[in-house]
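These notes are about the structure you will find just below.
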Amino acid sequence: MTDTAHAQDCYPVGGDWTDARVDAAAYERLYAAAARDPDTFWLDQAKRLDWTSPPTVAGDWSFDADDFRITWFADGTLNVAANCLDRHLAERGDTVAIIWEPDDPADAPRTFTYRELHAEVCRFANVLTAQGVAKGDRVTIYLPMIPEAAFALLACARLGAIHSVVFGGFSPDAIAGRIEDCGSTLVITADEGRRGGKRIPLKANVDAAAAKAPGLAKVIVVKSTGGDVTMTPRDVWYHDEAAKVSAACPAEPMAAEDPLFILYTSGSTGKPKGVLHTSAGYLLWASYTHELAFDYRPGNVFWCAADIGWVTGHTYVLYGPLANGATTLMYEGLPNWPDASRLWQIVDRHRVHTLFTAPTALRALMKEGDAFVTATDRSSLKLLGSVGEPINPEAWRWYYEVAGDARCPIIDTWWQTETGGAMIAPIPGATALKPGSATRPFPGVFPRLVDDKGTTLDGAATGNLVITQSWPGQMRTVWGDHDRFVQTYFTTYPGTYFTGDGCRRDADGYYWITGRVDDVINVSGHRMGTAEVESALVAHAAVAEAAVVGMPHDIKGQGIYAYVTLNSGVATTDDLRAELVTWVRQEIGPIATPDKLQFAPALPKTRSGKIMRRILRKIAEGDTASLGDTSTLADPAVVEDLVANRVG
Ligand code: WT7
């Protein structure tokens, strides 16, 4: 370490990593190799996949708007599901691929070997084919964390159908919007989901969505809880259809750049964007980063506690671990149910080697006290991962010292839905840790900090985080709107990919993500666009105008603070406030629930009519003493009312 100012914050690599595949010197060598000759580096990495026809070219890309293109391994062909299943059969057909842990600890876990998983996926694929699904079709998946979710995604991949998973916490409106946007005609769902002992009416939500998604023609329903559902002529039971088909299904050879999936994510403006990932580059990135970040070795039980409805679930519950022949754990429930020991009990029950979860879960567990952790053994744990938002040093230390008994490195992975997999993260055995820093970029990742004018900042600096070169796992487009893709990511700082994040780099070259610099809020590690919540609010008959900002929140990281101007003549009652909060929940889903809602007679605007969010953020944070320059406001008096009526 060269930066003595940070020396006291520097942890060794954590644990015994004398046999690490990548040590500090190897990291430097790999980083330099990927910079010097990316084609050779990536064609070599491509050998980790099984190709039906191997590629002869690596990346072909330009981030210049005039000449924009991104392709990787363009002349190669492969099948993603075959890479996750078939190629493992000879060597580890009887190895457990998936351990499934149910919501209720009294219920029995289930396991699927690679051979069993292969058969399940083939059967699922045959059901999809029988229902008319073919290569290139979009399939919407709205399932809980049950094994059938893994079967369904891999079945799509096997056929070359493009899956679009919608998180089970989203509302019927949100499902309908996503079905319509990608033009899928088939949805896979379950009767109900189970979480924390509660039931989630998934099938009923799809029925409600169908009313708003006229293109939806067919629904495959997995029987999970056995709860009552109404079957319509559109619906078939999965188990009925599965009984009619065989468990053999050839894998469709796909071009490297054929789409694998769409995943909707919020941006700073407009509707959620359909982030599109393609086959080979995405899978390579999933496999490469899963192995590097978690030093994956055969036999390790790998548990990423994310839901399959988010990119973390796609990459680190499913594709990365299975591409690497790992044993991946899928958990149906919540980290704190029946009590705050559950996560650690699962670790003990399945001898988990790597646990990968989010700071928001850690903060919630930390608050319950150490006894829930120390009552468990956890001796199988060797690595602890973090993802989704900056991890505050207090939560980092608790994770390291209490959960990991000071022998497991904290692998804080910075990345995004758009990046496909981890980009900046420590490598166990190679990277000294600093609590709160995602540390250094993986070989092949070239970050840069720029100021607001786009000027490059060298050395220790704070600025906007951009990535200057393409990497295989990069998203390729926004489904149906390529211009939006180029506009959103490549025009703010021309010639580079703009992440939307602010970041500090210290004198050791360590990266410290400071959070979003755009109008995106990170609620419990999930991205929410302020524009989305605003448009839900203004859709209510009583609302004239709304502005939404993030505010600090102990558990969620950021909470949602909404300022609402009502139509004239509507009274500002507590009942209406509660109604509006419920309204947003119903329009988008529970994750969009405003934490605070303030009635504002008017919003602070410039003379040209632009809402001054900077001021709204300060008020939401409670930092009313330093509102800065308000002289450009059309009516400075508006601010006084906002400050006086702040919801504390
Ligand atoms: C945004 C991406 C990464 C997959 C899950 C979220 C924030 C993510 C970290 C981290 C600091 C982080 C960023 C990023 N973020 N991981 N380790 N440290 N910030 O994916 O919903 O696409 O959100 O999450 O702000 O831009 P996402």
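Quick reminder: no glycine exception, Cβ is built from N, Cα and C everywhere.
Site annotation for ATP in TrEMBL covers Gly388, Glu389, Pro390, Asp412, Thr413, Trp414, Trp415, Gln416, Thr417, Asp501, Arg516, and the matching candidate from Arg378, Arg484, Arg527 is Arg527. If you take the Cα of Thr417 (ATP binding site) and the Cα of Thr312 (CoA binding site), they are about 8 angstrom apart, rounded to a whole number.
If you count neighbouring Cβ atoms within 10 Å for each of the binding-site residues Thr312, Thr413, Thr417, Ser524, the highest count belongs to Thr312.
Separating the Cα atoms of Lys610 (N6-acetyllysine) and Val538 (Mg(2+) binding site) is a whole-number distance of 17 Å.
In the three-state DSSP reading, Trp415 (ATP binding site) counts as coil. For the domain 'Acetyl-coenzyme A synthetase N-terminal' (27-84), residue counts in helix, strand and coil come to 29 helix, 11 strand, 18 coil, using DSSP. Checking the binding-site residues Arg195, Gly196, Lys198, Pro390, Arg585 against ligand 1 with a 6 Å cutoff on the Cβ atom leaves Pro390, in sequence order.
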